[in-house]
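Here's the structure we're looking at; comments come further down.
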Amino acid sequence: MMALEQGEQIHARMIKTGLVSDDVVGSSMVNMYNKCGSIERASKAFLEMSIRTMILWTSMINGFAQHGWSKQALNLFEDMKLVGVRPNQVTFVGILSACGNAGMTNEAFNYFKIMQKEYKIKPVMDHYARLVDMLVRLGRLEEAFNLIKKMDYEASEFIWSNLIAGCLSQGNLELGCHAAEKLLSLKPKDVETYGLLLNTYASAGRFEEVSKVKNIMKEEKVEKLKDWSWIS
């Protein structure tokens, strides 16, 4: 609350001094309101800008997406195109997030194609991560896995962890263990990731792998998980 109040004071001074028309400053204010959870104030700050560049449009689109305002994010993207502002990689991260939050699978993959064909933007890890997250939350685990296999590069720790968590929650231990092997090969440093691996192998009754994970944790000097002391 204190940060929001301070931000509002700074915003008021910007309006008085005319700095609100500065693109970088304006984008900073939009981001500040987004981080404070005040999407309405962020939207108001966006509308006050006389000149809206790609950075500003992208900030607002991602703000809407992060707060679950999927319809507003997608509508704003259409407005952005109408005024001739060209999106970038980060813009499409917000668009895919918005689609994912709303479970709009067809729309997400359509935007994914538009990004590549119309705007010649090569997908990066964040784009795939949003699509995988969407598919996992919808229970479409095999589709998520097939998408991962189509990537031009090795999936990140976050993507594999997301798939594994989905497999655990839905009881697909075969796919979960396969994903766990991929994740383990990355030798992650996050203790929570190792907890996920231990959970997967233990749930599948694969206790040799449990021991293997624990040995790797010792080798990598990963902090021990207190909640996993029951695993022998």
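Backbone N, Cα and C define each Cβ position, glycine as well.
Annotations in TrEMBL come from automatic prediction, not curation.
Taken together, the residues of the repeat 'PPR' (53-87) have an average pLDDT of 96. Look at TrEMBL and you will find 53-87 (among others) tagged as repeat 'PPR'.
Look at TrEMBL and you will find 190-224 (among others) tagged as repeat 'PPR'.
Broken down with DSSP, the repeat 'PPR' (53-87) shows 26 helix, 0 strand, 9 coil.
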